[in-house]
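Annotated features in TrEMBL:
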type	residues	note
DISULFID	50-77	disulfide bond
DOMAIN	50-163	domain 'CUB'
DOMAIN	165-261	domain 'LCCL'
DOMAIN	308-416	domain 'F5/8 type C'
SIGNAL	1-17	signal peptide
TRANSMEM	462-486	transmembrane segment
């Protein structure tokens, strides 16, 4: 019923095209009468005009019969496309070349959306789609192709994908259709068998005139039965592109081009094989009686000379490769005997194992049957095949299915290491049931709980730790050196501008720097007075400092520019303390002298050092006015008094 409604709507859109409406009605009836198409998620097809078709749940490709040759007369094909629930369909028109006629009555392409009641078309050469990409709002689309008598026309080529891949392209898109350096597109499934040439190989790159999606299959970036996202770059072209056979496709040898296509493929390194093993090997004795051993170790692709060969007449021959540890294997490269013998394997199976006991055959993306890989066509060339999805195993076994003359093989595996991400395990105590004997091979590193150390990265980790430790040590040394310099400068400043503890605390304006200190001269010091002469007073250059209460909080030495209270001047003299008047000796706070060498009292004077290294005692005498000058020696007093 819904299909009939679609046809009626299409007739209204065509207007006077009653003929086309009747034609559409006939097409729909014929499509419905062809038989059950099924409601599988991938879709279905039926009719005698269907060409190459590959339908998958997420993408696919369909074409008319004989494409790109002339399509046959009086044929019809119906495809029903079904996308997963919650998605809609995108359709890319690769080619629509149908003989023109009024309202496309002779040959036509019609698309109907049964869910929304929308019809697209009919299309032919004089009524082509307005855009290369058709966006629908439905997960189910029916494609109708019908032909009558005609003389020319290639037919149709159509691809589809779900709405999750808006960058869908047709199988006919070439590298020359792009101008940007980096390209990212979605290639549909089924482009491998579509007509189109490719030049180059995976190692060199491909000529930019190559069909893009077909070249991606040849390079092993995507599997033809799945399709997928492709990223590549347009780089400078090379002089010559070599031919190669890979993944069931033969590329051509090409000449110089302005640009070349280089596909980005991760995990594509040749893996190291630890050991080879085989079901049997051939011990050859030639006509001259010379022995030649075709042992399993000769199966390495890098080996010069003859290869491994199974014993003639042996059944179910196989070759086993041990990678030493589990690896991510993404491809295989095979070669023949590469000797005067023309021996090579034309097809083979691949199986894998993690313990060498349980073997799992590789079935590819379908998962239904064991995949048969295409082998070599001669004994000299190399053939590559990709594993999509990749194999994760330690042991890989190659089982030949067909060969030329004798089973002979050289093999290399392509892949990378496994990306290990281990979560910390809880520390559960367990009781060991057996005692492990120490091995002669020491561990390369100390295991740390919860951390998986890669032995190949241990050297770089140790180097980084040494660099960080050296940087921290250098910074510590620089900080220590700066601290010592600061302490040294501070001690020098206190030495050059220091005053003994106990001097009255002055304002900051009265504190002088080392540069402001006047350098006292020994010639300006007054001479010692005559004994008994009390009339002599202090020299006028010594002003009387103000009496200021001593502060116990200020213990740092300061130097002062001026003093307002009369001070006693004490100059260094080898004669010691001169005979001072008796009256001045009895004054409170005044230093007293005798015939012995006595020091001056530390309570009354403070010590400052000039740049001439001459000691000068300055300070107020408590309770006194002007006090005559006297001299004292710097020798320590025998009774324990502190020397000035």
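Every residue, even glycine, has its Cβ placed from backbone N, Cα and C.
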What DSSP reports for the domain 'LCCL' (165-261) is 10 helix, 34 strand, 53 coil
Within the domain 'F5/8 type C' (308-416), how many residues are helix, strand or coil going by DSSP?
0 helix, 64 strand, 45 coil
Using DSSP, what is the helix/strand/coil residue split across the domain 'CUB' (50-163)?
3 helix, 62 strand, 49 coil
